[in-house]
Amino acid sequence: MTHDNKLQVEAIKRGTVIDHIPAQIGFKLLSLFKLTETDQRITIGLNLPSGEMGRKDLIKIENTFLSEDQVDQLALYAPQATVNRIDNYEVVGKSRPSLPERIDNVLVCPNSNCISHAEPVSSSFAVLKRANDIALKCKYCEKEFSHNVVLAN
C-alpha cells in the first residue's frame, strides 16, 4: 500500500466491521442496536467514498461479534451491508443480512395507543414481504406499518 492509498478508517485487530451501510444510516444503527453500550472501542466512518454506492457509512467494533440474528436485523436498514468478522487483522468471516421473520427489542411501535408504550415489554414485529414494500406487524397492537414508518419512528 502506498502513501496515496491509505485506509481512511483505522484497521482493528479483532471484532466486527459493518461495511456498505447507506450514507446517513450509521448513527441510526449505533443507536437502534445499542452498539454503543460497550466499553470497547468503536470507530465510525461517515460519508466515505464508495465505488458502488457513491457514499457509505462504516462501523468497526473491537472485541465484539454480532449474532446471526443481529446481522439479519440489519437487512431493514442496510440490505447491501457486509458484516466482516476480524481476527488478527484478517477477515475470517463475511456475511450479508437477510430479512428475518421477526425483529425483537430494536424498533418502537408507531401506534401511540399500543400497550408496548405503557408496559415493560420488549418490542416485537413480524416482518412481512409485500409486492413493493416490507411491512412490520406489531405483536401487541397487531397493526401493520410500512417499514419506512417504523424506521422513521
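Quick reminder: no glycine exception, Cβ is built from N, Cα and C everywhere.
Residues or ranges marked as Zn(2+) binding site by Swiss-Prot: CYS109, CYS114, CYS138, CYS141.
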With every protein chain in view, how many other Cβ atoms are within 10 Å of the Cβ of CYS114 (Zn(2+) binding site)?
19
Take the mean position of the Cβ atoms of CYS109, CYS114, CYS138, CYS141, the recorded Zn(2+) site. Which other residues of that chain put their Cβ within 8 Å of it?
PRO110, ASN111, ASN113, ILE115, SER116, HIS117, LYS139, TYR140, GLU142, LYS143
May I ask you to report the DSSP-based helix, strand or coil state of CYS109 (Zn(2+) binding site)?
coil
